[in-house]
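Annotated features, as they stand in Swiss-Prot:
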{"type": "CARBOHYD", "residues": "Asn29", "note": "N-linked glycosylation site"}
{"type": "CARBOHYD", "residues": "Asn58", "note": "N-linked glycosylation site"}
{"type": "CARBOHYD", "residues": "Asn67", "note": "N-linked glycosylation site"}
{"type": "TOPO_DOM", "residues": "86-156", "note": "topological domain 'Lumenal'"}
{"type": "TRANSMEM", "residues": "157-177", "note": "transmembrane segment"}
{"type": "TOPO_DOM", "residues": "178-185", "note": "topological domain 'Cytoplasmic'"}
Amino acid sequence: MASPWPVWTLSWILILLAVLVPGAAADFNISSLSGLLSPVMTESLLVALPPCHLTGGNATLTVRRANDSKVVRSSFVVPPCRGRRELVSVVDSGSGFTVTRLSAYQVTNLAPGTKYYISYLVTKGASTESSREIPMSTFPRRKAESIGLAMARTGGMVVITVLLSVAMFLLVLGLIIALALGARK
């Protein structure tokens, strides 16, 4: 007869994994960064929308300030997907310009320089799915005087300005001469 140890050991390992893995009950992940866009501003944050399979569901975005019990909830209907859902997606690119679409929810009226925890709860029909709670922080406010103006007036800008000024002078001078010669005939 086989020893019951492997069965007991496996069951205990599974129980420990279920208990110790944080956030194991979350159904989907949300992201805050895309590499193309900084979603953080001084008084607002951009959060990716819930996944496409939740289109049409009622989403509740929960924003909780770190070290505070105050919770702000915002509700909206998950918009339909048009292709892959990314925070920023290229819609059209050609002839020197690129059109992008921003697929994000903007959380507004936040305090500058503060850490927040953000999560979704989406109800679609009889099913309810939730996201993991992700931390995001707003930028602190900076005085306008403290923002560095490196390269405010570069040498290239000065040269271009001088060349354009000389060209405009010559153009106006040529126009005056052409009008004067045309009026004499």
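Here the Cβ of each residue, glycine as well, is placed from N, Cα and C on the backbone.
The shown structure was predicted, so the numbers you read here are calculated from the model rather than taken from an experiment.
Comparing Asn58 (N-linked glycosylation site) with Asn67 (N-linked glycosylation site), their Cα atoms are 28 Å apart once rounded. In the structure shown, the C-beta of Asn58 has more C-beta neighbours within 10 angstroms than that of any other entry among the glycosylation sites Asn58, Asn67. In three-state terms derived from DSSP, Asn67 (N-linked glycosylation site) belongs to neither a helical nor a strand segment and is classed as coil. A mean pLDDT of 77 is what the model gives for the topological domain 'Lumenal' (86-156).
Secondary structure of the topological domain 'Cytoplasmic' (178-185) per DSSP (helix as H, G, I; strand as E, B; remaining residues coil): 7 helix, 0 strand, 1 coil. Under the three-state DSSP scheme, Asn58 (N-linked glycosylation site) falls in the strand class.
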